[in-house]
């Protein structure tokens, strides 16, 4: 067909004298390379157009104010803050403080850090997040998985008991690098990197980490003084059962009793959501009861280990304690990056979940900047890694929080504790802290989620299981690597081995659907319709060429056995082909030439703008012929069928040229 609009609208007489309209697919208008590059760059890094509110403002002052509101969401909601909202946030803040104080102390012990650091980390970071975070429900604090990662990764190189000062400095340094990494991802708009941790990988990894954390707490629950530093199941079980003669029945009874109490309160809170405060207050209640029990029974003299002295006062500066010298700096960098990614994945996932419940939007990249900034400033003020844990955020949500002010209330409650109440924790038994950690971790082992993955997607279940087994039988880092590796491998397989399917006509319609899904769909004699379900790139172009050839061979074998018309046309449905590179255009070039030698015509249906542009530039469009490009599969098959039934199949292409 020619290239004019008149020709595209020209009528053609069919065998019965009727007129058939033939629609061509127009070439996109030429566009400068820089314009295309800028558009693609914006879509990759700024798909949410974050600065649209700034650009809309007129005047430098108003734009500067809009930019400040973007980076400090506090400036958006604070001017409209009301007394009623404050009452809701006050209740939420006090509630999560009652959970944050015992959890902070517990998780600091899990990280092999001084318990007071857990309180420090619940004071400064929430204040920073309240100014910069976009989530109304995220409750900031320390988390068990990051604490375990710090303990296992730093503890493998530096002993927290033999060299506690260096271990502490490396924990601050790792937190600093985690914050720098997190904030950099947000500033550079690289948040999509976190998306490589799929939901299935997170379910498996968090479940494995929770299992490992629970196993580590057997040291406190059994009253053991010496315990393995390894986190794998075999090493922990060997350490437990090789010291049966050192088990203390007092610790077992006390720990089991408080663990049962915590589990029961959680059960009641789940059955009656209005009683959420029972579960939220249970950890602090356990700490108070445990401390009173130890104090009045003198259990400290009978082998029950206690926290001991906690220093009064607010966070001391630690910026001079950051260690940027070899040989340990790279250890801090590696620990910071890995823990930073895990903290981001958890914090953003939790924030998005609760934002969905309340029907508002949070900016993932802005969250990265906020979380990164609070960890950087936290590393300067004696804090270790923090994020938004699910358990604390769920309590904050159920308590009816309205804004991030609940984090400020929690921070003020922790400040009062640091200034006046730390001596009260002297007699808190470590076994109670172990029970608090175990009860919190049991909620992270998502058995129903794993079963759901098995029923829905077996590959996702394998990702989940691989992550879980890697953590439990290897290490936390190995589980993370396994989870990411399987997820990336799955993506690569989808790209390298895209699905191609045969389409058939649904009777009495012009629709063409997958024949393996729609059993009533039928093929058109002499026409093979194939759908390609992915972009055509260098990674899959060779596979697609071979797969299309196999489809043709299979179809000719089938029609030959039945004595039907062989394949004369191959219609490629390009609707799902979102992009193509030079390897893809070369593949279509080779496919066209190979099929020409077999007397088969290639027909393209529904190619997108990008495809048409690349085919035109590479001259493949000229080789195939613009008259064989159609906007829909139905029109392509209709034209092929018309030519086949009007003329001899062997001369179909030449006859079509004469008709056009």
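Using N, Cα and C of the backbone, Cβ positions are placed for all residues, glycine too.
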Given 93-114, 115-136, 225-246, 247-268, which one carries TrEMBL's transmembrane segment label?
247-268
From 64-85, 306-327, 328-349, 504-525, the residue range that TrEMBL assigns the feature transmembrane segment:
328-349
350-368, 388-406, 407-425 - the one TrEMBL records as transmembrane segment:
407-425
Range among 28-50, 166-188, 534-556 that TrEMBL annotates as transmembrane segment:
166-188
Same-chain residues at least 6 beyond the ends of the transmembrane segment (275-296) whose Cβ lies under 8 Å from its Cβ atoms:
95-96, 98-99, 101-103, 254, 258, 261-262, 265-266, 268-269, 304, 306, 395, 398-399, 424-429, 431-432, 435-436, 439
Under 8 angstroms for C-beta pairs, at least 3 of them, ignoring pairs fewer than 6 apart in sequence. Is the transmembrane segment (166-188) in contact with the transmembrane segment (200-218) by that rule?
no
Taking contact to mean 3 or more CB pairs closer than 8 A (sequence separation of 6 or more), are the transmembrane segment (200-218) and the transmembrane segment (138-154) in contact?
yes
When secondary structure is assigned with DSSP, how many helix, strand and coil residues does the domain 'STAS' (517-640) contain?
63 helix, 22 strand, 39 coil
Tell me if the transmembrane segment (247-268) touches the transmembrane segment (432-455). I count contact as 3 or more CB pairs below 8 A, with pairs 6 or more residues apart.
yes
Contact set, same chain, for the transmembrane segment (407-425): CB under 8 Å, 6 or more residues outside the stretch:
89-90, 92-94, 96-97, 100-101, 104-105, 115-116, 119-120, 122-124, 126-127, 129-130, 133, 138-140, 287, 291, 307, 310-315
